[in-house]
Amino acid sequence: GEKAGNGHAEGPAAERQQQREGDGGGCRGFLRRNLLVLLTVSGVLAGVALGAAVRGLSLGPARISYLAFPGELLLRMLRMVILPLVVCSLVSGAASLDTRSLGRLGGIAIAYFLGTTLLASALAVTLGFIVRPGAGASALNAPELGLPGAVPTSKETVDSFLDLVRNLFPANLVAAAFRTYATEYKRLPRNTSSGNVTWEKIPVGTEIEGMNILGLVVFALVLGVALKKLGQEGEDLIRFFNSFNEATMVLVSWIMWYVPIGIMFLVGSKIVEMEDIVLLVTSLGKYIFASILGHFIHGGIILPLIYFAATRQNPYRFLLGLITPLATAFATCSSSATLPSMIKCIEENNGVDKRISRFILPIGATVNMDGAAIFQCMAAVFIAQLNNVDLNPGQIFTILVTATASSVGAAGVPAGGVLTIAIILEAIGLPTNDLSLILAVDWIVDRTTTVVNVEGDALGAGILNYLNEKANKEKEQELKEVNIETVANKSEEETSPLVTHKNPVSNTPSTAVDPESKESVL
């Protein structure tokens, strides 16, 4: 009891002392806490300055690649951590949640992901009709801008959906770590009865480079649930994945200190690399403006509003803790490369439950692509306006559905969205040869795209965390009430064993009831 008394006496004095230190040391403490954030932001700014300075030297391509080298290292390090991080965090996340709450949280997450992506697509199409980015741009042609004419061969809509489902179930787990299944087409001659030769397009399955994250996510989730089912036997493996996960997070915390340097060179080299930027902005300025405006509205207004409606907490305060991952997203253009720092920051700065963040963020990074949906719908509307095609309601509906569905399968890599735009264009029957225009400005739009993608995942994790905490509190409340009732209704020996059994069974035995239940046994 003495210690407690001392503590109370010390309290105010200690506080006063802290305040006195605070005037001088408050700044230091703030710097120490937010050093990484400040470094990251200054890294972006330094990168812009570096790029502007070096641009005048007119470096050759080889020299530019040397300049980009430190940034490339950052990307390689982040990509290295993705595989262990996704698999281990999902296995331990799925195993640590009990099946009922797993199902409930999973359902809410899927509803949130689909809902926000649909909202994003609808917003983009609406903006596209208001701003009309492609109206005055019909005079454009690729050669003028010095763009490659070649465009990836477009897939049939059916095939791209079948590919998505095939990738959910990888045939070989090891191969899924670096390969993805994709359909390509062979052309075979076929003689008809009249003697003419017709060429037929036949789909052929091939493997392309790139991690099949979707398949790994599904496998890890199912494995986690299975280990949970095993109970006692599965615990060793769950512990293994947990510690593997913790170790990976330590690696991430080391990599995070390299982020500012890497970002500086990534941004700098990108600025040096740019071709004639004035021509790009004058010709495609409306499209760039419309896309970034869409991202701004969705990321700055709609998503925070959804978060506020669900949790009644300040969304911007929540986002302030995530400046480092958002800056990483801006510089790397890759939502999966941002995943490591996002998991770290959302747990440390925003206090999101580990089980929630590690379960939902890896899924979000692969499935939830709000920014990409905006960018794809905008591109589709833009190309339709370029070709003077008036979209009918049926086509608009097709754009919305296809963009929402294909943003699930879009790889979390830079410029992954351009292939899915080809799918959308095929679905509404527009020529894909204007894609090179979109590729030309992709590196500008892709930055805000990735920021919105990542922000959508983070706010989703925040909402789920809040709902989960609320459900747990209600459960505890119910348990207390049950315990108190059983104590109140005690009829000597009959219910008393039940009461004593009741307490050890409940995970959180309420201490207040304990002495009473003991009395009932006596």
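Note that Cβ sites are derived from N, Cα and C of the backbone, with glycine treated the same way.
Residues or ranges marked as region 'Disordered' by TrEMBL: 1-24 (among others).
The region 'Disordered' annotation in TrEMBL covers 486-522 (among others).
Residues or ranges marked as transmembrane segment by TrEMBL: 35-57 (among others). Counting residues 6+ beyond its ends, the transmembrane segment (35-57) has Cβ neighbours under 8 Å at 67, 256-257, 259-272, 323-324, 327-328, 330-331 in the same chain.
If you look up TrEMBL, you'll see 77-97 (among others) marked as transmembrane segment.
If you look up TrEMBL, you'll see 109-131 (among others) marked as transmembrane segment.
Feature annotation from TrEMBL assigns transmembrane segment to 210-227 (among others). Beyond the transmembrane segment (210-227), the same-chain residues lying 6 or more positions past its ends with a Cβ under 8 Å from any Cβ of the stretch are 82-83, 86-88, 90-95, 99, 102, 164, 167-170, 173, 176-181, 234, 237-238, 241, 336, 362-363, 365-367, 408-409, 411-413.
Through the fold, the transmembrane segment (247-267) approaches residues 36, 39-40, 42-44, 46-48, 50-51, 67-71, 73-75, 77-78, 81, 84-85, 88-89, 324, 327-328, 331-332, 340-341, 343-344 of its own chain, all at least 6 residues removed from its boundaries and within a Cβ separation under 8 Å. Among the features that TrEMBL reports, transmembrane segment is placed at 247-267 (among others).
The feature transmembrane segment is assigned by TrEMBL to 287-310 (among others).
Residues 36-37, 40-41, 43-44, 47, 71, 74-75, 78-79, 82, 85-86, 211, 213, 256, 259, 262-263, 266-267, 304, 307, 345-346, 349-350, 361-362, 365-366, 369, 412-415, 443, 446-451, 453-455, 457-459, 462 of the same chain lie 6 or more positions beyond the ends of the transmembrane segment (316-339) yet place their CB under 8 Å from a CB of it. What TrEMBL lists as transmembrane segment is 316-339 (among others).
Taking pairs at least six residues apart, the transmembrane segment (109-131) and the transmembrane segment (287-310) share three or more Cβ pairs below 8 Å and count as touching.
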